[in-house]
Every structure is written in structure tokens, then in C-alpha cells.
Amino acid sequence: MNKNPSNVMALAPNTSNKRETVCIFGTGDFGRALGHKMIQSGYSVVYGSRSTQISNLIPKDAEVLSHAEAAQKAAVIIIAIQRQHYNFLIPLAEILHGKVLVDISNNLKLNQYPESNAEYLAQLLPGSRVVKAFNTVSAWALQSGTLDASRQVFVCGDDMEAKQMVMNIVRALGLTPLDKGSLLAAQEIENYPLQLFPMWKFPIFLSLGLIVFFFLYCLALDVIYTYIYEKNNFSFFIAITIPNRVCPVMALILLALVYLPGIFAAIIQLYRGTKYRRFPDWLDRWMLCRKQLGLIALAFAFLHAVFTLVTPLRAFASWRTSRRIISQALNNETEPLNNTNAWLSDSYLALGILGFFLFVLLGITSLPSVSNNVNWREFRFVQSKLGYLALILCTAHTLVYGGKWFLNPSAYKWYLPDIYMLSLIIPCAVLVVKFVLILPCVDKPLTQIRQGWERNPKHSE
């Protein structure tokens, strides 16, 4: 796995006691928090403010001067003010000429202005070297020290030397700089904090749609059908029984959907005979959110495990068990042990436990703190090889549990198949096609294509 060299020493800042002076324009929450963090890291901090009176909110060791005086004391000036107030900087253009201006501002909505705030600042002060940084870090995180959720700092700028100076400051604060390129990337960086789980939208909406469909499907077959034709009121199934049917189905289908785009990608590459053409946009977006699909699937698997554990505690389960025992006692009957059913019961439980274990392992290795400590081959082995093994075990778990209903006419209420039958369609299709793809006659040309071989090089794009 290729690492960005700028990130390698992110947690090993310069340990010298005193660093250069940094100027901060703005004494708001973020400006104060950033100044306090810089002082802790050994920097001298001078604030540029309209009021030069020392406030109790200003860090104790910081100096407060007018904007012009503060700018003359530092080569790096952090602009901790909103875009609508940038005009006051125009009279300071001569003093700010050649200085590194770090724009940390954010907007209230996506693409609020035609250009990014950093580009606008560069237009106002063409003689200054503008760098975009720190906008993805919160003042609360800087003050509390809980930086795990916002340790990464995106940095972009047209001047390489200025950008490196800012990245050195980021490292000194114990954060991780990520070079995003030129100032053209500032718009994307400014939009990033405004996006609410951008990679989770498709998985969440897909999951919600499937939940509604399967819940209504089970409601129709297990509650409404039973009430109409058998005159039994099983409406309480809504609390435990139906969720415990929907959760494993969701977990299995979403796990299969994690590996389905890889199947599509392999088929497309085989059809085209090259890897040097982009996949369709829908497939690209699908492949980018596979991690989120897998984590949601793991959440449903956890819910299924919890619902299964509490099932024996239900009043309905106790009533059904006691009724069977009383019936056998009144009829003076003893139900012998059915070895076939015992084997099926133990088998599907064992398959479920093993599949759930691998499911949890996949979730653990997807955590950044874990994935960053394994190489690419190890990560791929867990996510691909063990992932397919988890899919096989979970599919077998469902087959063993619900297979008895495939040929049972009573399982087809309103001529509709049981929910377990529906849940097996996508996983079985994925596993069958994957088996075909790993056959030597198919795997060999696919491997060659992924290594750069092309069937018709002149037609590749």
C-alpha cells in the first residue's frame, strides 16, 4: 500500500522548545483554540485584532496587536475570520505581500459561492501565498484534545514552499496533514465538513428501502394471512418475530451486495479485454460504499444475534412449549429424538456462529486503526478470501435453516415464497458466478487483464 510521505511522521513533530512566531487574525472560538494549541506546541502566537485589549479568553502567553503590527511579526498568518469580512485585508496588501495566508473558513451550505473562499482570498491579495487548511478540525477537538475523530487535516495551495510550511505546523500540533494538491481543491475541502456521511447515503437509503419491503412482506404472510385464514391474532409478531426474520435477511443480502460489484467489475473487464477503461458511474459509486454496506450488514447480524438470544424468554415461546408438553402428557405420548432434526439444528447454529465470527472479523479489520497496521496483501486476504468464506457460511446457515420450506406447499402463502427463499437469491448468484470466475480458464485471462494485458490495445480508451 502506497503511503503519502507527508503523513509518515505526522505524530513525530519537531521537539525543539521554541518555534517561529505565527500570527492569527481573529479571536473567535477557533482562533483562540488554535492559538492555545500552538502555544502548547512551542509556537509564539500573536493575534491581530481590531481591539488590542487583552481578554481573559485569549491564551495567557499570546500577544494581541493591531492587524498591521501582528502581520509584520510572522511569516505565516492564519485567517480565522469569515469570508464576508475579508475586505478589511485589502489595505494590508503591502504588508501581507509574500506572507503565507492560511484560510480556515467554512461556508453554511455546499457551493455557496462560485469560487472557494481560499481562491477568493487569493484574488483579493494576489501578492500573498494562500493555503487552505484546518477547516476540517473543530475548536472543541483542539481544546479537549480528543482529536481521533478529526486528526486528518486537508491542505492545498499553489505554492509548494508555503504548503510545506503549513504542513509542518499541522504535524507539530499532532495532526496528520494530507496534501490535496493545488488551490483548485479548496472548493472540495470546504464542502467536506458540510456533507453528512457522504458515503453512507446510498447504503442507508438502500437498507431503509429493503427493511420496509421485507417488513411489509413478513407482516402480510405472518400476521395478515394468519388472521384472515386461520383466525389467529399474531400481531405481537411485530415486536420480535418479524424483526428477527428481517435482520438476518438484511445482513445476508447486504453482505452479498458488498461482493456483487466486484463480480460486475470482473465481468466487464473480461468483456472489454482491458482494465484501462472506467467502470460505469453507478458501479464506481457502488464500489466506493462497500465498506459502509458491510458495516450496516454487520449491525443487522448483531441485532439478529440479540433477538435470537431473547426469543426463549418470550411468552409465546413459553406457551407453545408448555402446550406441547401438556399435549404429550394427556395423550400419554413421548416424542422420540429425531436425529435428522438434531443434526440440522446443530449444523445451522454452528454455521451461523462461524459466519458471525468472520463477519465481526471483517468489521474489525475495516477500522482505520486496524487496517493501517496491516499491509495490502493481509487486508485483501481478510476482506476478500475470509469475506467470501463468511458469505458461504452465512448462506449455508440460511439454507440449512430454511431449506425445509422450499418443497413445502404450506410455506407458499398467497403463492408467495418465504422470506428466507428471497434472501438466498443474491448470495447464491454471487457465489455461483464467483465459482465460475475462479476457474483456471476464466481466472487466467482475468489476471492477465488486471496486470495490464489488453485484447485490443488500439481500441482501449
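Cβ atoms here come from the backbone N, Cα and C positions, even for glycine.
Annotated in TrEMBL:
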type	residues	note
DOMAIN	21-107	domain 'Pyrroline-5-carboxylate reductase catalytic N-terminal'
TRANSMEM	204-229	transmembrane segment
TRANSMEM	249-271	transmembrane segment
DOMAIN	249-394	domain 'Ferric oxidoreductase'
TRANSMEM	292-313	transmembrane segment
TRANSMEM	347-365	transmembrane segment
TRANSMEM	386-407	transmembrane segment
TRANSMEM	419-442	transmembrane segment
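Within its own chain, the transmembrane segment (347-365) has Cβ neighbours under 8 Å at 251, 255, 294-295, 297-298, 301, 305, 371, 374, 379, 382-383, 386-387, 389-390, 393-394, 396-397, 400-401, counting only residues six or more beyond its boundaries. Touching of the transmembrane segment (419-442) and the transmembrane segment (292-313) is ruled out by the presence of fewer than three CB pairs under 8 A, sequence neighbours closer than 6 excluded. At the 8 Å Cβ cutoff, the transmembrane segment (386-407) and the transmembrane segment (249-271) share at least 3 close pairs (sequence separation 6 or more) and count as touching. As a whole-number mean, the pLDDT of the domain 'Pyrroline-5-carboxylate reductase catalytic N-terminal' (21-107) in this prediction is 88. Secondary structure counts, DSSP: the domain 'Pyrroline-5-carboxylate reductase catalytic N-terminal' (21-107) has 32 helix, 21 strand, 34 coil. DSSP states for the domain 'Ferric oxidoreductase' (249-394), grouped as helix (H, G, I), strand (E, B) and coil, give 122 helix, 0 strand, 24 coil.
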